[in-house]
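Below is one structure, written out as C-alpha cells; comments come after it.
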Amino acid sequence: MTFQNTREFAKQLDAQDALNHYQEQFIFPKVNDKRVIYFTGNSLGLQPKRTKAYIDEVMNDWAELAVEGHFYAEKPWWDYQERFSEPLSKIVGALPSEVTVMNTLTVNLHLLMVSFYQPKGKRYKIICEEKAFPSDQYMFQSQVHFHGYKPEDAIVEIKRREGEHNIRLEDVLAKIEEVGDELALVLIGGVNYYTGQVFDIKTITAAGQKAGAKVGWDLAHAAGNIKLELHDWNVDFAAWCSYKYMNSGPGNASGVFVHERHHNDPDLPRFAGWWGHNKERRFKMEPNFDPVHGAGGWQISNLPVLSLAPYLASVEMFAEVGMDALIAKRDHITSYLEFILHEIDKEVESTFEIITPSNPEERASQLSVFLHGEGRSLFDYLMKNGVITDWREPNVIRLAPVPLYCSYEDMYDFGQILKKGILGK
C-alpha cells in the first residue's frame, strides 16, 4: 500500500480498521478540552472503561461478604488468579499451567533467578544487553553480589557496534559462544525499552541453552505487544509487567512463565510461601511445602485481588481481540507513523533520527526518535499541544502507536503538530 500524508487518507484507513471501535472503550486525558493523542502505552496504558466495573465488583463483594468473599464472591478470591491462565497463555504462547500472576516485575525476576541462576564452579556469568532497563541492571548486580561475585566480572554485556543504535543478532550469538562454559544465565529484554528493538527470542534461547545456560526473558515491553511462543521456543522462564501494553493500571501485578519441563524438578530451588502450596490443602496449614503444579508453585503470598481486577479486565479484552489482529494493526499503523515522520523530515531541516529498526520483524509498537539539539523543548511543545509522548535520556522521544486505542488520524494529526513544533523553534 502506498501511504499518503493527508487527513482524508488517514480517515480512510480508520474506516477500514477492524479494531477502530476499541478506541471508544478507553478513557483519554484531555488537553485544552480536547482528547489527547496518546503515545505512551509503552510506559502506562490507558484505562479501559470496563475496568471500573471489575473493581466495583470486588469492592461490593468485600462490603457484602467480608472474609467470606474468598469463597463466595462472584469471582472467589482464593483462586482468582486462575482466571488468568487461559487468556495469558494465549498472549505469551504458553500452556495454561506455565503462567500465573503475582508480585511485580523485578520482584518476580529476582524470585525466578533464585531458581534459574545457580552459579557453580566456573559457570557463573550472566549475559544481558548493554543499557538494559536500570532495574534489571540493579537486579543483576545484587544477585551477583549475593552469590559472592563481582559484577564487573560476572555480568557480560552485549555491546552495540560503534555508530549503531541496535544490537546485532550475530553479536549476541558470538558473545554466548565466547563466554561458553562460564555462562550460567542469559537474561535479556525481549524488546529494548530505549530503542524498541525486538530480539530474536527463539534463536537466542536455543544458543544459550546449547552453551549449557538457562535462558530467561524480561518481557516488560513484549507481552501484549509482540508474537510470543514461549513454550515452543523452549524458554526456561520469563516475567512481564501488566501496566504498559496490557493496560492494568500503574504499578500493577506481574505475570510469570515457567516452562513445564521445570514443574516437577525436585532439585530446582525456589523461595516458597503458602499461596504456592497445594491449593486443595492450602488452608489446612500443614508444615511442609507441597507446591502447586505449574507456575503457580512459584507464588508466595495471598494475591491482591483489587489489583488483579483491572488486570483481568484487560486480559479479557485481549482475548476478545486476539494477538493476530493486534499485531496486524500494530505493524500497519507503526509503518504509517514511520511514513509520517519521514515525510516531516523531508519538509523541515533534519532535526531527528529514528533509531528503532526499520525492519518490521525487528520492532513492535514503538518508534524511538533521537532528537538532535534542543530535543526537550520539542517534547514540551508536543505535551502542551495534546500529544503525550515519553522522554528518555539521552535525547529520545518514544512513540508507541498502540493498536487498541490509537487511530490513523492520530498519526496524521501528530505529524502536523510535530511539523509546527519544529518550524516554530
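Just so you know, glycine gets a Cβ as well, placed from its N, Cα and C.
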**Message:** With Leu105, Thr106, Phe133, Pro134, Ser135, Asp136, Asp218, His221, Tyr243, Trp274 listed by Swiss-Prot as pyridoxal 5'-phosphate-binding, which of these, Asn166, Asn288, Asn302, is given for the same site?
**Reply:** Asn302
**Item:** Site diameter for pyridoxal 5'-phosphate, Å, by largest Cα distance between Leu105, Thr106, Phe133, Pro134, Ser135, Asp136, Asp218, His221, Tyr243, Trp274, Asn302
**Value:** 31
**Surrounding CB atoms that lie within 10 Å of the CB of Lys244 (N6-(pyridoxal phosphate)lysine), all protein chains** = 24
**Fill in**
Sparsest Cβ environment (other Cβ within 10 Å) among binding-site residues Phe133, Asp218, Tyr243 belongs to Phe133
